[in-house]
Structure formats: C-alpha cells, structure tokens
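Enquirer: As annotated by TrEMBL, repeat 'WD' applies to 158-199, 200-241, 243-281, 290-330, 410-451, 452-493, 494-527.
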Amino acid sequence: MEVEAVAAGVAMEEERELSNRVICQLKDSEGTPLGAPIFLRKALAPRSCSNWSINSSTTFLLLILSHLQTLSILFSLSGATIDGRHASHGGDAYGGSNCNLKEEKLPYAFYVSDNELVVQLGSYLQKNKVSVEKVITIVYQPQAVFRIRPVTRCSSTIAGHTEAVLSVAFSPDGRQLASGSGDTTVRLWDLNTQTPLFTCKGHKNWVLSIAWSPDGKHLVSGSKAGELICWDPQTGKPSGNPLVGHKKWITGLSWEPVHLSAPCRRFVSASKDGDARIWDVTLRKCVICLTGHTLAITCVKWGGDGVIYTGSQDCTIKMWETSQGKLIRELKGHGHWVNSLALSTEYVLRTGAFDHTGKQYSSPEEMKKVALERYNKMKGSAPERLVSGSDDFTMFLWEPAVSKHPKMRMTGHQQLVNHVYFSPDGLWIASASFDKSVKLWNGTTGNFVAAFRGHVGPVYQISWSADSRLLLSGSKDSTLKVWDIRTQKLKQDLPGHADEVFAVDWSPDGEKVASGGKDKVLKLWMG
C-alpha cells in the first residue's frame, strides 16, 4: 500500500510538472530550427533574471539551451555556438551565478507569432489563447550590442537654404551632413558647430536627390534639369563639369558598394526619362545606359551582389548586371507605379566599412576588406531580399536571386505607399503611406506586425536608428515622430517645423537626426 501511494504521488507530481511545461521549437529568423523541439517551463521569461551577470535575454537563450536534449551536439567543453556566436554555460541552469558569456555579450529577443516575448511564457500563451497542444515556435533574433538613445530635442535650427529642403543625407561615417534644396544648391553642414560649411552651386534647377559614396569620398547630386554633379565633401567644390545625358529630372541615385569596388568610382542614376545610367566619376562620363522601361524610373538600388534594381511607373522592377548593362530579370506584380525600393542589406551597403565604433581607415583595400566582412556577416546564408512599395497601396517582398515571383504580397495600407525601408539588421520592414500611417512588417516573411498611428498628414519619409530599435518618420503634418519597435508605440513626438517635412535621416552613428522641408530650414535633433 505504501509503495502504491508513493507511486501515485510520483505520478501526480510528474503530471503536475508536465502541465507546467509546453513543447517549443526554437528557430532563427530564417526559420532554421535550433535542435529538436523541447519542453520549457511556463514560468520561464526572458527578463526574469535581473540578478544575473549577463544580459537577461542571452540568459533566456542559455536557459532554453540547457533544456535541449541534444546537449552533446550543441555544447562542447569550451561553450556553445549559437548562430555563429559562442556562449559558455555552467552551474545551475536556473540561476547559477557562474552562468556567463565569456566572449561577446550578445543580447537576443524572442518572438512568438511576431510578438516579442517579454512576460512569462505561460502568461503569454494564456493571454493570446495559444493552444499548448501544438508545438510553439519561438523565433530568436540577435540584437545590436550597442543601444541608440532616442532623439528628444531640437539642438539647432539652421537657416541657409532659400527654398524648400528636398533631401538630407549623413555621410557613411556620420561625421558630415548634406542637403539638397529647391534653391538649386547643395549645402554641407558642420556638425560640430552646427552651422553651414559649404554652399555648392552649379545646378540650374531644384536638387531632387543626393547620395554619398560608401567610402565617404564623394557626394553626388541630381536635379530637376537632369544633370548630375559630383562634389568633393572636403572643399565643397565640384569634381568636374556636370554629368549630362538624362533628358528629364533625376529620381534616384545609388553607389556601387565599396566591398565590390574600392575606392568608389561608379554610381547609377535613375530618371523620369525612363533610363538608368551608370557613371564613372574618374572617367567623368556615362559608361552604361540601362534602357528597357517604357515609363519613368522612380527608384534605383545597387545591390550587394552587384545587381542594379530599377522600379518604374510601368509597374515593373528590372534587374541589371553591371559589366555590360544586360537585363537579368523582370519582377512583375504591381498594378500601379512602383514608388520605392529597399534592400535587406541597405544599411551595410550605405555605411560600407564604417560602424558604430567610428573607426577610420587608411587605405581603400582595408576599407573593402572590412566592408565585405560586414556585408557577409549581415547577409548570412540567406539571399538578399528586396521590398517594393507602390501606388496600388500594396508592397511585395522579393528574393530576386531565387525567383521572379514575389515571396509575399503585403496589404493593409489604404493609400499609396510612399517609402519602404529595411531595418539595419534586416529583420524588419517599415513602410510610410499617404494614409497617414507607418506600418511594420516582418523582414523575413513579409507578415504584418503593427501599425503606427499618430501622424495627421501623409508620411513622406522614414529612417531607422542604427540598432534597429527605433524608427523615425517625417510627415506633411510638420512633425517628426520616433517609434519604439519593441513596445510598438510612439516614443517621442518632435514638433518644430513650420510646414511639411520632406526629408529625414538618422545618422549612421546614431547620435543625430536631420530633417528638412517646406519651411526652408534644416533642423538637427539629438538625444
């Protein structure tokens, strides 16, 4: 009888223990499983271990790993490899003080159905009515090891332009700022004194587009008259005569990535005349003309694999190889003009070898090597992704190297999609629309995540903080707004402009935001 009672007690204890657990499958953002499905305690939470010596989210991953049945595979005596990063573990899996990361302290975030897990697993499942009879997929995502402060105040309002500011862009290292205006000038600004540095004169009409080379050595601008001028950022002087060839205004500019060619020499321009042209700043001429679109080209991107993407009012996106300018592939699906394109690798393509540490480089070869390492690390084993936004109110997510068919059609906006942008880590897509909203999407699957509402006018442009935790938007309503990706709420409202905000940019070093618009002033914002 005593033995039976003990056995019954053990069985009840096992049943209670099982009822407090849920079977989970850990996957990375690309959907690759990490080991076999595992039982996790419902009481487990990523932020419940505040007394631990390392970042609590990394602790949570170590807790999960400690449950894995395949410890012999995942762990060696020297530590475990997660996504190519090493973590050492030891002691009690539920809070031993000797649990630490001996190498890089990399924070992680965890998602169930695109919602970040910030409470106990059991509480989340109960609140969201998730069935515990099925395997719960938990996606883990490495986060930036540095954190950007949200901008909270306008540090200076700089007058200078005599017409609307149409474009603003920080240099790849975040140390310089350029703006293009309806007054036909490009201006370079001193970020230390927050005053005008150079006024670059030479255009005959509005400066619609500007772009820095990824090595920071050149700044190119395109105007409504169709000519292009390359400037030396150190002197504010043109590097030569204007580059002419386009018959109508310039709609977009993009430089060849520095990991493909250093020092930077080639860039591509897109025009209302339906052509895209590749220019060589050393030879000072157009080397290839990309013809094939039947209507105006609205946007252009030079991808990390050496492919140029052009979006057009003919509703198509074309892919071009860049040695001879041959058409590789045509991406069809949109029912109206393509307005905006963005690449998942865009941040590392824009910044090249420069990162949040501010390190400078002495030679183009060193810069090319570091830029290639950054690009490969960011891209991983997955193909480069492309997102397109259109006048048909929809967006498409593509993997152009894999298929000519879209991976996902993204619907939800009630008006035309004006601007799309991948986060620096490639895990999110943000979209700005004339429906006054900013929407957030999963950067891998294209699934809708959240809508940010608060603007009372069309949203013209968006920009990400370097750590992918914050999103900035500028609107016709004269305000800038900073949105928190984790809470999916408004973090900061930034009024100050007297009229519509046409252009915004968050510096790659994360310290400053620049904005310009119809009120002709440039504003700098800081944390």
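Keep in mind that glycine also has a Cβ here, set from the backbone N, Cα and C atoms.
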Enquirer: Which stretch, 158-199, 290-330, 410-451, tops the Cβ pairs under 8 Å count with the repeat 'WD' (243-281)?
Expert: 290-330
Enquirer: Checking distant contacts: for the repeat 'WD' (158-199), what same-chain residues at least six beyond its ends satisfy Cβ-Cβ under 8 A?
Expert: 205-216, 219, 221, 223, 229, 231, 233, 235-236, 350-352, 354, 358, 360, 502-512, 514-524
Enquirer: Where else in the chain does the repeat 'WD' (200-241) make close Cβ contacts, counting only residues six or more beyond its ends and a cut-off under 8 Å?
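Expert: Beyond its ends, the repeat 'WD' (200-241) has Cβ neighbours at 163, 166-167, 169-173, 175-176, 178-182, 184-188, 247-255, 257-258, 262-264, 267, 269, 271, 273, 279, 281, 284, 349-354, 364, 367, 371.
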Enquirer: Below 8 angstroms Cβ to Cβ, which residues of this chain, lying six or more residues outside the repeat 'WD' (290-330), approach it?
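Expert: Cβ under 8 Å, 6 or more out: 248, 251-257, 259-260, 266-278, 336-343, 345-346, 348-349, 375, 379, 384, 386, 388, 390, 398, 400-401, 404.
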Enquirer: What same-chain residues lie close to the repeat 'WD' (410-451): Cβ under 8 Å, and 6 or more beyond its ends?
Expert: 29-31, 114, 141-144, 336, 339-348, 378, 382, 385, 387-397, 457-468, 471, 473, 475, 477, 483, 485, 488
Enquirer: What are the helix, strand and coil residue counts for the repeat 'WD' (452-493) according to DSSP?
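Expert: Tallying H, G and I as helix, E and B as strand, the rest coil: 0 helix, 24 strand, 18 coil.
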Enquirer: Express the predicted model's confidence over the repeat 'WD' (200-241) as a mean pLDDT, rounded to an integer.
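Expert: Reported value for the repeat 'WD' (200-241) is a mean pLDDT of 96.
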Enquirer: Run through the repeat 'WD' (243-281) and tell me, per DSSP, how many residues are helix, strand and coil.
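Expert: Across the repeat 'WD' (243-281), the residues distribute as 0 helix, 18 strand, 21 coil.
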